[in-house]
Amino acid sequence: MQEFDKSISFDGRDIRLKLGLLAPQAGGAVLIQSGDTAVLVTATTTKGREGIDFLPLTVDYEERLYAAGRIPGGFLRREGRPPERAILISRLIDRPLRPLFPNWWRNDIQIIATTLSMDEEVPPDVLAVTGSSIAVIQAQIPFYGPMAAVRVGLIGDDFIINPTYREVENGDLDLVVAGSPDGVVMVEAGANQLPEQDIIEAIDFGYEAVRDLIGAQYEIMEELGMEIAKAEPPSVDEALEKFISDRAADSIKKVLVQYDLGKAERDSALDNIKETAIEEAIAELPEDDPIKVTTSEDPKAVGNLYKGLTKKLMRSQIVDEGIRVDGRKLDEVRPISCRVGLLPPRVHGSALFTRGLTQVFSLATLGTPGDAQDLGDDLHPEDEKRYLHHYNFPPFSVGETKPLRSPGRREIGHGALAERAILPVLPPQDEFPYVVRVVSEVVSSNGSTSMGSVCGSTLALMDAGVPIIKPVSGAAMGLIREGKEVRILTDIQGIEDFLGDMDFKVAGTDTGITALQMDMKITGLSMDVVAKAIEQALPARLHILDKMLAVIDQPRPELSPFAPRLLTMKIDPEQIGLVIGPGGKTIKSITEQTGSKIDIADDGTVTIAAIQAKKAERARDLIFNMTRKLNEGEVYLGRVTRIIPIGAFVEVLPGKEGMIHISQLAERRVGKVEEEVAVGDEVVVKVREIDNKGRLNLTRLGIHPDEAAAVRKTF
């Protein structure tokens, strides 16, 4: 296509779109730019794959350091594996796109977003989301779009669209809203304990801006003469569908109302119906029967139609009767149990959070400032993280066997969400300088493990003695929409997540929301339904919080005896080199003497860590004496370092030497210095004079016995 260049004036900042400039062999390609941030988004599709029953969509977001005028480090001087932030942005693009493709589409779709240029104000993520919609439309892939996304910030009492990095950092809200013409399709947010109503207003505010961007895409389509591609769904074998329904529907209904069945028992019962009532019946049909011919040609046909029938019956039961497969009401939370301190104190904090069959074991570890995760290797201005949450989902948690791999996108995404939920309640760094890591091990899963990780993290932090501002709990909300009938489900379990239309995770304190994430399987939700889901989550969160506080209602007053003890002090930044010493000699000596770990910040903040408080105090005293200002008349216990004919040099503090003239060694006349002192001797001295060059003149004369006894040894 010919080059197309269009600028959209959007909330005080232009968004520039260029099509036909780059990647002519991609199905669709758009360069979307705001400020100095520019992202190339491409969409490509291929022919359908045989034998799959899912949408083969792949989304990748990539960052290049040339975008910020930098060269990668390392021997190869190339970008390595994508950082965690890039994986999270890939998910951010994927989640609003996926529900807008036909669920029966089986052609491979690949979306690649590459940041080509980046400034320090405009984040590339929401640009990439909006750009993906334009690229998909241009690629003529069937799509229920257009779709767009914006970020909403809160500065004071005012919402703003697409805030800068600094505005997000200084505000109380970081919310991304994506939507289609049918409504909201994705929400993700971190908030500083904002009330539900504020969050609802922010989403509504953001969706209005999304509608403007959708309108701009329609204008572009009109100018270019493009239309959104449509495709007809594959035909359904109605005879086979009726055959399955006639033989299985009643049996499925009976299983769905056996509320005492566990997850494994229910799954087994449903599988047994498919195997006996359907597959055995098909096997008994004549070889030339159309149904048998169909199933032999398409072995997955029975499974797909049976799954569709189960989904339909479960959803009808919820909509018509208001009863779920485990017998709960729509707004009822599964049974909860909480335990803390399950492991020996070598693990600094531990908690087991159980909700139904979902079980999360969270373990907290306290570290020193040097353990903070350095984030300075990518394009973003953030320096380091002092709170880390890692989420693990082993195969045994769902009774499966799989090879163990490094964390995938799902694990990284769930871990980041739970981390975001806790961040607003962490104590300030100057009050609690520890770096904290929580690992949530999902040991059993039946839905809502990410919110279980939030609850487990809170309990583990309190068990570890971390003085969090307030405890945080979380709940996952679901949705069933049949025509105009909408039912919102509280605390969804696995089957409801799998067969439902929404997974809306809400976390927060009794004051307000700290994090939320909404994913859809339908093409959009009205604001009324979004608001109702957020409001319905509140009593669930508070109920869960009550259960947690019944086990531990405040952080433990003491840390684990195996947690490091931290002391902080300030020194003049000009003295940092003195404390470190040539080649790190001085600081290494202090750490070896005291068994401590020392971190020094550029502003002169010194953090000392040791398992025993006395060792940390010893290191602090050494650094204090090393950096303190000496005054005339003060008495010290020093060590003789060398002798010259006219006197002896004494180190009174680490790195600080003075000289005792031979006449100041004793009351009597001294013929040779060696008569009074030798190298290595400890001597009590007084600062007699500090000359204009800062040199110390010391004396052993005129020191009262009480002063000598009170001197604290510095080496």
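Cβ from N, Cα, C; glycine included.
Taken from Swiss-Prot, the feature Mg(2+) binding site covers ASP497, ASP503. Swiss-Prot lists 564-623 with the feature domain 'KH', giving sequence analysis as the kind of evidence. The domain 'S1 motif' annotation in Swiss-Prot covers 633-701.
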Densest Cβ neighbourhood among ASP497, ASP503 (binding-site residues), 10 Å radius: ASP503
Where ASP503 (Mg(2+) binding site) falls in three-state DSSP terms: strand
PLDDT averaged over the residues of the domain 'S1 motif' (633-701): 91
